[in-house]
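Q: So that we are looking at the same thing, I have put the structure below in structure tokens.
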């Protein structure tokens, strides 16, 4: 009996030891996995590092590329496109002007009434329409006839107060957000289509000419006074309300910048010197690339798998289209190598672009004690349930690394423009105020990103100079800005003067 009791005790003790060993082993494996997750995070953080010295190198490289792009066509990764906009709004414009904004599968028609000096925008209204899929791959005539018909409907429904005097044409600013080789303020050749459009017979044609023919067919008596892209429109919209605006930056799905340059500093410009002596340059800065950019393995993989490998590198590090995707790629590696989401890698995490930047922003801004928003997003988007608080904190840290790098690089880009304009150092006679007009959903809605960008530029400029550089949100440049450029380039300006 005693032997049996002793034997049972020995077996019981052995079982307890075995269970304890399993628990210890499990904890060790869990600890090892977490250590691996943290190692991946710290490595990523280091590779994404943007100390001030590096950002100043990026800014210097941006300035060098700007000079090269202004010197000759194809001389730089930056196209530095001449926009033929040499006459920006002053705030004195008066009258009713229109805008057509074609940037994707939807287009808008706007009417803006300007009140003249100190009058501002008295009235504005718009109509929006979707482009049927068959017209996106049809003929030029079919597409522009459809647009002109909607424009005619918009004009026909307006009240008597917007009627033009006899013999006077309505004037339109046309925002066309596809690749165009601009040949004047109101003409430009379509180079190619993007965003799901493929209309072969329009390529090589003057986009304003195609619209003008369609308007004539539909009985719309309207003249296109300005052909612009959304960044130039943002600059114009900002200039209308703040005379010190000299730079515009869009940070949304994509990114771009435009600024006011002295014509004498544009060697590739062979036309007459405009009265203003200035010209707006569309940088197409999303295509900027430099050895100083802190690229990681995730950036290289994203670029390789993209539709345009080797192009738009700056955009792929800073804009809303890509930030969420970079985060997804890092989370995928953490899941594969550290198993923080379980033994199996969540299938959804393997889907490119499933994690959008607005969702990343929502997680980054989660201030709840249990980080509930992070948990909900992981569950709803990636189908990852029951995440620990520690895991959610890791996700927020990764969000912060991705957003901080993007925002600080965007700030370095702005510094590069200011350096090219000679506004990065105090001038004789005191500081010159420079307003940077900003637009785009990323800038507007991703608060952490916006604050980081603005604070970084202040750091780079120093306390004294930072007071002279101001960011202003210029909303809807692609619409209102185009109407304002129609006003500032009106054929009737000389009559008024």
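Note: Cβ is positioned from N, Cα and C throughout, glycine not excepted.
Per Swiss-Prot, transmembrane segment is recorded for 4-24. Per Swiss-Prot, region 'Hexokinase small subdomain' is recorded for 90-228, and the stated evidence type is sequence analysis. Annotation comment: Swiss-Prot describes 104, 105, 106, 253, 441 as ADP binding site, evidence class similarity to another entry. Taken from Swiss-Prot, the feature D-glucose binding site covers 194, 195, 229, 230, 256, 284, 315. Swiss-Prot lists 229-476 with the feature region 'Hexokinase large subdomain'.
Show me how these features fit into the shown structure, please.
A: When DSSP labels each residue, the region 'Hexokinase small subdomain' (90-228) comes out as 38 helix, 53 strand, 48 coil, counted as helix, strand and coil in that order.
Cβ contacts within 10 Å of residue 106 (ADP binding site), excluding its own Cβ and spanning all protein chains shown: 11.
Contacts of residue 230 (D-glucose binding site) defined by a Cβ separation under 8 A and a same-chain sequence distance of 6+ are given as 101, 103, 175, 177, 250, 256, 439, 477, 478, 481, in order along the sequence. Secondary structure at residue 230 (D-glucose binding site), as computed by DSSP, is helix.
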Q: Would you list, in sequence order, the binding-site residues among 104, 105, 106, 253, 441 whose CA lies within 10 Å of the CA of residue 315 (D-glucose binding site)?
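A: Within 10 Å of residue 315 (D-glucose binding site): 253.
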Q: In terms of DSSP three-state secondary structure, what is the assignment for residue 441 (ADP binding site)?
A: helix
Q: Where the record says 194, 195, 229, 230, 256, 284, 315 bind D-glucose, what is the longest distance in Å from one Cα to another among those residues?
A: 17
Q: Nearest of the binding-site residues to residue 104 (ADP binding site) by CA-CA distance, picking from 194, 195, 229, 284?
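A: Its closest listed neighbour, by Cα, is 195.
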Q: So of all those binding-site residues, 194, 195, 229, 284, which one's Cα sits nearest to residue 106 (ADP binding site)?
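A: Checked the binding-site residues 194, 195, 229, 284; minimum Cα distance to residue 106 (ADP binding site) goes to 195.
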Q: Across all protein chains in the structure, which of the binding-site residues 194, 253, 256 has the highest Cβ count within 10 Å?
A: 256
Q: Give me the Cα-Cα distance between residue 441 (ADP binding site) and residue 229 (D-glucose binding site), rounded to a whole Å.
A: 17
